[in-house]
Amino acid sequence: MSEEPTPGPKEIPPAPQAGPREVWKKGGRLLSVLLAVNVLLLACTLISGGAFNKVAVYDTDVFALLTTMMLLTVLWILFYLLRTVRCPDAVPYRDTHAGPIWLRGGLVLFGICTLVMDVFKTGYYSSFFECQSAIKILHPLIQAVFVIVQTYFLWVSAKDCIHVHLDLTRCGLMFTLTTNLAIWMAAVVDESVHQAHSYSSAHSNSNTSHARLTPDPERAGSAVGGDPCPCDTTICQIFQQGYFYLYPFNIEYSLFASTMLYVMWKNVGRLLASPHGHGHIPSQVSLFRETFFAGPMLGLVLFVVGLAVFIIYEVQVSGEGGRTQQALVTYYSFNIICLGLMTLVSLSGSVIYRFDRRVMDHHKNPTRTLDVALLMGAALGQYAISYYSIVAVVVGTPRDLLGALNLAHALLMIAQHTFQNVFIIESLHRGPPGAEPQETLPKEPCQGLTFANLDALHSLPACPPTPRLVSPSPDGPQEAGAIILAPRGHWRRRCLKDISLFLLLCNVILWIMPAFGARPHFSNTVEVDFYGYSLWAAIVNICLPFGIFYRMHAVSSLLEVYVLS
């Protein structure tokens with residue numbers, strides 16, 4: 001009698017392997033990232049090395065590198081535009097979430113200010129052309145061409161999901177992104193050195209390092225005991241001061257362009273459900289529409305008061321030394337009030353979302369993912385400064401009004417960033433208006449009607465009269481013949497719009513103050529005495545640019561929250 005064979009273990013089918021297209025997609029992304037990292041490290045090395053006289057890297061080397069990178073980027077952008085025009089099937093899909101109109105509008109605004117800055121730079125260098133290298137005049141001219149070409153490119157192509165020459169496109173986009181980051185680093189280092197020089201000049205600190213990366217020859221030549229290119233004429237000094245005040249716009253332009261380029265890089269080869277993407281973005285945006293006006297009005301008041309406080313602070317700090325403490329008290333008092341209100345308003349917005357019935361949007365959205373990552377990452381810079389200030393005030397010996405204000409300011413800064421991030425991130429993940437879950441309709445065809453067309457009402461079978469719900473319109477059936485009742489969540493949307501506009505205006509004024517030169521970190525000597533100038537200057541110069549970028553990025557995110565509320 002033959003024995004039946006015992007059944008062996010069932011074979012587990014192999015896991016599905018990624019297709020060759022997906023494997024090469026990952027390889028192409030890795031290749032472009034490696035290219036960007038190497039180029040960015042090279043630029044960072046030259047920029048940081050050119051910032052100090054002790055390092056044998058000259059500012060002309062930095063300008064030559066940036067000029068070469070911008071020229072290569074312009075050539076690649078022209079190639080991209082020509083290729084997409086000649087090949088209509090190169091962009092079969094467009095991501096509706098990428099490159100919203102407010103982001104592109106901000107890019108154009110900052111681009112125009114950057115062009116003005118380049119004009120001032122060109123005029124400044126031309127004032128003493130005999131003793132300057134030609135690359136210093138060529139650099140702002142090439143940058144102007146770069147800004148014009150890149151702005152047009154991002155305006156028309158920010159939504160592209162290109163499907164031809166994928167690896168070349170990824171490398172080109174990453175190289176363009178790296179170029180913008182290199183320009184951003186150069187501007188940040190230049191502005192930081194300018195602030196450090198201003199502080200050392202005011203306090204006669206001869207131990208402070210002087211920079212040669214900055215185009216100001218007074219700083220470049222002071223370390224060697226002479227000034228080969230004096231800026232003596234009035235027009236030269238106007239150009240010199242003008243482009244320094246325009247640096248914040250150049251910094252924000254580079255960061256705006258970098259975020260849009262990253263989204264384009266993520267969208268290379270992306271497949272969407274429809275040629276026009278998915279999601280709901282309102283086609284028309286009306287400012288102050290469906291608001292209670294309380295948020296915009298209070299925000300405008302704080303904006304105007306903040307401008308006045310900033311002007312008073314700059315005048316008093318740059319004047320006699322005896323008025324510095326008064327300027328700091330005014331500055332900290334305004335910021336404490338503004339940050340406290342923003343914290344409470346952000347908390348109220350999060351509470352309102354507890355009653356919001358809109359479903360969460362779980363679609364894949366590279367733009368939203370990047371926005372959340374930038375909000376969380378950029379906030380770390382202000383977190384670091386605040387915690388260093390808290391330690392210096394608590395552990396330090398002085399116990400006065402200025403120390404108490406500094407401590408309250410640091411604590412409120414942490415709370416405001418935290419609760420505002422929670423509000424914005426939750427807002428970005430909410431569905432658009434009308435995305436509330438639908439309730440089960442009753443069996444009777446006429447129960448539960450919130451509106452009715454008088455002409456269509458007669459065609460409903462077995463429909464009893466409902467005079468409570470339908471009231472005749474004075475304009476007759478041409479106006480749909482019925483009154484549409486306001487949804488129950490209408491007040492919530494109005495409150496969210498007010499909150500968004502209030503936070504937006506407050507973030508604008510809190511961006512203007514540090515971006516245009518307010519540095520209470522150095523005017524207030526608590527941290528300088530506790531950590532020493534060198535360490536505290538390094539902390540502020542590294543972390544503050546991220547805090548400044550956070551404010552402007554929060555503005556763009558809050559504008560999106562306002563539109564989608």
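The backbone N, Cα and C atoms fix where each Cβ goes, and this holds for glycine too.
Features reported for this protein in TrEMBL:
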type	residues	note
COMPBIAS	200-211	compositional bias 'Low complexity'
REGION	200-221	region 'Disordered'
TRANSMEM	30-50	transmembrane segment
TRANSMEM	62-81	transmembrane segment
TRANSMEM	101-117	transmembrane segment
TRANSMEM	137-156	transmembrane segment
TRANSMEM	244-265	transmembrane segment
TRANSMEM	292-313	transmembrane segment
TRANSMEM	333-353	transmembrane segment
TRANSMEM	373-395	transmembrane segment
TRANSMEM	499-518	transmembrane segment
TRANSMEM	530-550	transmembrane segment
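The transmembrane segment (499-518) and the transmembrane segment (373-395) are not in contact, since fewer than 3 Cβ pairs between them lie under 8 Å (pairs 6 or more apart in sequence). The transmembrane segment (137-156) makes no contact with the transmembrane segment (333-353), as judged by fewer than three Cβ pairs under 8 Å among residues 6 or more apart in sequence. Where the transmembrane segment (333-353) meets the stretches 30-50, 292-313, 373-395, the count of C-beta pairs under 8 angstroms peaks at 292-313.
Sequence-distant neighbours of the transmembrane segment (530-550) (same chain, 6+ residues past either end, Cβ-Cβ under 8 Å): 188, 192, 195-196, 199, 205, 208, 248, 251-252, 255, 374-375, 377-382, 384-385, 388, 391-392, 395-396, 417, 511, 514-515, 519, 521-522.
Looking at 62-81, 244-265, 292-313, 373-395, the range that has the most CB pairs within less than 8 A of the transmembrane segment (101-117) turns out to be 244-265.
Within the same chain, residues 327-328, 330-331, 334, 338, 341, 345, 494-495, 497-506, 508-510, 512-513, 516, 518, 520 sit at least 6 positions outside the transmembrane segment (292-313) and bring their C-beta atoms closer than 8 Å to a C-beta of that stretch.
No contact links the transmembrane segment (62-81) to the transmembrane segment (373-395), because fewer than 3 Cβ pairs that are 6 or more residues apart lie under 8 A.
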